[in-house]
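Asks: From Swiss-Prot, for reference:
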type: BINDING; residues: Met186, Arg187, Thr188, Gly189, Glu190, Gly191, Lys192, Thr193; note: ATP binding site
type: COMPBIAS; residues: 1000-1015; note: compositional bias 'Basic and acidic residues'
type: COMPBIAS; residues: 1020-1036; note: compositional bias 'Polar residues'
type: REGION; residues: 995-1036; note: region 'Disordered'
type: TRANSIT; residues: 1-76; note: transit peptide
Amino acid sequence: MESCARSASQMSSSSCCRCSSFNQKLKQGGIGGGSLPVSFSCVMIGGGGGRRLIDQERGKVRGRERKIGELMQVRASAQGGLLNLGNLLFNFKGGDPAESTKQQYASTVTLINQLEPQISSLTDSQLTDRTSLLRQRALSGESLDSILPEAFAVVREASKRVLGLRPFDVQLIGGMVLHKGEIAEMRTGEGKTLVAILPAYLNALTGKGVHVVTVNDYLARRDCEWVGQVARFLGLKVGLVQQNMTSEVRRENYLCDITYVTNSELGFDFLRDNLATSVDELVLRGFNFCVIDEVDSILIDEARTPLIISGPAEKPSERYYKAAKIAAAFERDIHYTVDEKQKTVLIMEQGYQDAEEILDVEDLYDPREQWALYILNAIKAKELFLKDVNYIIRGKEILIVDEFTGRVMQGRRWSDGLHQAVEAKEGVPIQNETITLASISYQNFFLQFPKLCGMTGTAATESAEFESIYKLKVTIVPTNKPMIRKDESDVVFRATSGKWRAVVVEISRMHKTGLPVLVGTTSVEQSESLSEQLQQASIPHEVLNAKPENVEREAEIVAQSGRLGAVTIATNMAGRGTDIILGGNAEFMARLKIREMLMPRVVRPGDGGFVSMKKPPPMKTWKVKETLFPCKLSQKNAKLVDEAVQLAVKTWGQRSLSELEAEERLSYSCEKGPAQDEVIAKLRHAFLEVAKEYKTFTDEEKNKVVLAGGLHVIGTERHESRRIDNQLRGRSGRQGDPGSSRFFLSLEDNIFRVFGGDRIQGLMRAFRVEDLPIESKMLTRALDEAQRKVENYFFDIRKQLFEYDEVLNSQRDRVYVERRRALESDNLESLLIEYAELTMDDILEANIGSDAPKENWDLEKLIAKLQQYCYLLNDLTPELLSNNCSTYEDLQDYLRRCGREAYLQKKDMVENQAPGLMKEAERFLILSNIDRLWKEHLQAIKFVQQAVGLRGYAQRDPLIEYKLEGYNLFLEMMAQIRRNVIYSAYQFKPVVVKNQEQQQKGKPDSSNVENKRIGDANLNPVSVTESPSSDSPQNT
């Protein structure tokens, strides 16, 4: 291998020569043959008076590739030696963690395996009956640990009969890790979805319910339909909660033994339950055991964004449009600056002057105008929130795209006027601004579960965070087969243009060899741009991103991503929860074939799924591309499917089912166990025959793909965590299959541009050729350091959010407990008496003071305030109090008694007029005051959190300041709730409402009108005097 040092001018000309050579190869569509990814090997070194390049591109292309191949072999050998040395050192320190886990659970696995012959001999009904026996043992007090071996053996046998899958020993270990309340790290393809049913079944035996949480509706439905079959076969009820379900359906599904649900739906249902105004509106049961699939995605990636339920707040939309026009006219670094790392903008002096002149105001921060917030949000919308990256436009709606999953977050909106600013930028109708009604972070929400566990393919790198925040230990579960995927070195370019050209070359080469290729992009925009380049290169491919037309075909696209020569471009949607089977997924293809023929004939017109509340859904055909199926269905099986569908239509009715009902029945039909229902049995038989026919073709295709080298994964940008990069790589090499991966990077990528610092900037200045691949140890260290910076930065954000939310969490718990007490209690008398006595104490303390001697008591002032709160205390006089009370304690006891008796007197008055009405009024008063004041408290504490940051300049800890001020605000809020509720109760007067029918006839009601129930759902007919916070003085 030859190296040569060149001067700056020589290097420039040489680089240009190399650049043209490289471009020529790009135009040719590939570099050489073979199935392995091309080895880019231009190395940058430093020394002497400048920088030198060691050029390995000498001689003919074939000779260059041979040299590079030798270099890669030497490097692999060196890396293997270092790896072996590392393993020796690691084993010396304590051994392989996966092997340690295997040894820890070996005895229990042996016990389960010993039970297998006995359990296998049972009939289907006998196997189902085992659930009742195990449940009796659990309810009688026997520990779940002692029941575990038999329960796992039962689930294994049921899985074998229903799914045709026998859980491996390592899957049993994964189930035991989950049952223990830990995080199980399992590689992709090791069957995490099937593992979840083991501890879910065991813990469901207690009758307290189990939640299996996934990251999106698609995975929740898929898992419920697939592994849920096992639990249903064993006699358990399995529920599914989806985004567009009604409260009644949600409640029914949450009451099942095992419920599949997304993290956001579960969190929002919790918040909605704590805004309910009647017990009938509650949907959740008590929390017991929770299994989180892709636990790192939910507890780490999404932990930065709290769950928020908002209500409308009136704001003039014209200001958003004006602000958007101003932001569009402003120039960066002249009128404002942008901090992409902190996601903040700052208006400069020139920006202030121009904005104030355009708006004809003296001060942007004038509290009467508050233009500054509108301008800042408009600039954020312009610079930091980009179309087809952070959001997409569907119709006249702005829909947020989740940065971690790549999916549309239906129904979500940015808060604090930001969503309105984006709407103004894009020129779509602006919806009213919102105000927070309830919020909680994922950290504090999931910590409410008495028993929490999770599973993922990548958790070890975040084990410290899991243990420090969630008290969850990470356990590495061994693989069933060795992982043989080849992870190639990163290829780095100076500019993004060179990177994308190289990606196209890589895809072209792989496609020619027959390798299936999965390309991961970080945004909708990137996926669409790459798709256009592949179309120009005449490379057939599929695109999976947040666009609605692609989302609907998600399962279809994933099912064929592992087929020979398939090219799939995907955002992070394909990074998690998707199992790409080499050769194609025969069973899923069979299900799609039956679905294609069944759904149009049984689903009601117009019930084609949830699209938008603002426009009718498009007509849905369920038609699947013919190229998806590996072969044309034989006449025998086509007839079998047609007969089964005809029987289903005849039995269920022509177009009589909702889509959800039809999907559920289809999922039952596509199982493997025996069926009692004639229609389900007929459909199931057709499904199994079609799957069998398809499998002969997919198995043959799988062999070809394996020989070619397996699935090749291409990453186009480093993510904010190595963990997310590994998720993408993990789509390849499942269950011992071959595969490869390579990342193509650019120094202009967001992560390096924003977090790279001076070292990356220096590298960008040193390398001026866009198409020249760069490789060096210094560069690798710089890129790794930038990624570590991002990881540490976002960890600090999550930790800070958790610390601040912990302050609010204790307050939230107290408020929600008080609210639930008012909602569910049949008798609120004791609570109202407590409120009355404490309010008397507050008034007494504010107007007399515990240290004041009797001769200084201002009894007239005290009595005036008391009578403002309660007209029933009009008999109080200074003489009466003076004669009956000699000390402050006597006065306190006397006023408490007066407050208590006044409440009881008021209650009797109302009950005499309308029995049962006082209880409803009390509940209404408590709930409405809690909700209103809690909403105001959330706003106030948000302002405190924003303000305390500045106190760091005064050498004061912002978190401690936040805790102190937050605590004082909370105490005042709780006192205000008590005062408002008891004041309203004292002033409450029922209103006689005549029967509506009699009012129309003009006849009096002959029955006792006052005994009629007044508006259960809404107490609007009841006249409730305003609380002290409005018409009456609230200063006690």
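Heads up, the Cβ atoms here are built off N, Cα and C, so glycines get one too.
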Asks: Which number gives the other C-beta atoms within 10 angstroms of the C-beta of Lys192 (ATP binding site), all protein chains shown included?
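Replies: By my count, 26.
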Asks: Comparing the binding-site residues Thr188, Thr193, which residue's C-beta has the most other C-beta atoms within 10 angstroms in this structure?
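Replies: When each Cβ's neighbours within 10 Å are tallied, Thr188 leads.
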Asks: How many other Cβ atoms are found within 10 Å of the Cβ atom of Gly191 (ATP binding site), counting all protein chains shown?
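Replies: The Cβ of Gly191 (ATP binding site) has 21 Cβ neighbours within 10 Å.
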Asks: Give me the sequence-ordered set of same-chain residues, not including Met186, Arg187, Thr188, Gly189, Glu190, Gly191, Lys192, Thr193, with a C-beta within 8 angstroms of the centroid of the ATP site's C-beta atoms.
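Replies: Not counting the recorded site residues, we get Val195, Gly457, Asp579, Arg734.
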Asks: DSSP three-state call for Lys192 (ATP binding site): helix, strand or coil?
Replies: helix
Asks: Helix, strand or coil for Arg187 (ATP binding site)? Use DSSP.
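Replies: In three-state terms, Arg187 (ATP binding site) counts as coil.
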